[in-house]
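Taken straight from TrEMBL:
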DOMAIN    4-229  domain 'Orotidine 5'-phosphate decarboxylase'
BINDING   D10, K32, 59-68, T122, R184, Q193, 213-214  substrate binding site
ACT_SITE  D59  active site, for OMPdecase activity
ACT_SITE  K61  active site, proton donor
ACT_SITE  K61  active site, for OMPdecase activity
ACT_SITE  D64  active site, for OMPdecase activity
Amino acid sequence: MQRPLIIALDFPGLIETERFLAQFNSEQLYVKVGMELFYQEGPAMIHRLKEHGHSIFLDLKLHDIPNTVKSAMKGLARLNVDLVNVHCAGGSIMMEAALEGLEQGTAVGQKRPTIIGVTQLTSTSEKTMNEELLIERPLNDVVVEYSQLAKKSGLDGVVCSSLEVPLIRDVLGNDFVTVTPGIRLSTDEKGDQTRVVTPGKARELGSTGIVVGRSITNAEKPLEAYFKIKNSWEGVTV
Ligand SMILES: O=c1ccn([C@@H]2O[C@H](COP(=O)(O)O)[C@@H](O)[C@H]2O)c(=O)[nH]1
């Protein structure tokens with residue numbers, strides 16, 4: 001995976017999405033389609049984005065019984081996206097089933113999508129995790145242990161905050177993929193995110209890829225915001 005900046009296309013539908021993408025002219029992007037957009041526009045949205053040559057992270061965070069996740073992944077594999085995910089909280093049997101489904105659904109000669117597991121959402125604080133999810137351990141330990149479980153289950157990597165990347169890399173090495181949302185410029189509102197990092201810091205900490213939504217999509221000048229974040233992520237000084 002080439003260290004991408006992934007734009008979260010958190011829009012209510014096709015019209016808003018295409019209006020946003022039109023600003024980028026023919027720039028080849030790495031985009032993320034999550035629940036908001038996929039639940040409205042479905043596979044047709046994916047086909048459309050692929051026609052434009054964009055790479056796609058289909059962020060549906062599957063979390064269900066192993067048999068259901070396996071079948072769902074088999075179907076998602078047919079969409080020929082680049083990256084998919086599940087919740088690590090589903091456990092190792094569910095993660096193994098997800099991988100099996102993905103492998104079975106991938107057509108001969110086609111590359112299997114990369115599959116990663118969500119450790120703890122970047123909106124979750126240690127306090128919420130301890131007091132509401134009743135996971136009575138330090139958040140860093142939970143993220144590292146879920147990452148180890150994901151690796152043992154055959155997954156290619158995890159979703160986490162950049163803050164946890166050095167700990168994960170220490171234990172699982174640099175090839176294990178870490179995709180990190182919760183990215184904000186120092187002047188941006190955090191919103192609902194709690195474990196937040198700037199794009200430049202995410203690079204220093206060793207994230208494989210960053211996911212950026214509102215800092216670009218809600219910016220007054222989205223194209224300018226995109227290139228500012230991209231330069232900072234890539235360590236380009238302008
Ligand atoms: O732990 C997670 C997992 C996924 N996300 C998704 O990333 C984007 C972030 O959007 P921002 O506007 O940059 O906050 C969003 O689509 C989430 O669903 C995450 O934030 N944290």
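Just so you know, glycine gets a Cβ as well, placed from its N, Cα and C.
This view paints the features noted in TrEMBL onto the structure.
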residue : record                              : contacts (Cβ under 8 Å, 6+ apart)
D10     : substrate binding site              : G34, E36, L37, G213, R214, T217
D59     : active site, for OMPdecase activity : A8, K32, V33, G34, M35, N85, V211
L60     : substrate binding site              : G34, M35, F38, L76, V84, N85
K61     : active site, proton donor           : M35, N85, V86, H87, V118
H63     : substrate binding site              : V69, V86, H87, A89, G90, M94
D64     : active site, for OMPdecase activity : A72, G90, M94
P66     : substrate binding site              : G90, I93, M94, E96, A97
T122    : substrate binding site              : C160, S161, T180, P181, G182, Q193, T194, R195, V196
Inset, instruction - Identify which of the following binding-site residues, namely D10, L60, T122, G213, place a Cβ less than 6 Å away from any atom of ligand 1, and list them by sequence position. - result: D10, T122, G213
Inset, instruction - State the count of C-beta atoms found within 10 angstroms of the C-beta of G213 (substrate binding site), not counting that atom itself. - result: 19
Inset, instruction - Report the mean pLDDT of the predicted model across the domain 'Orotidine 5'-phosphate decarboxylase' (4-229), rounded to a whole number. - result: 98
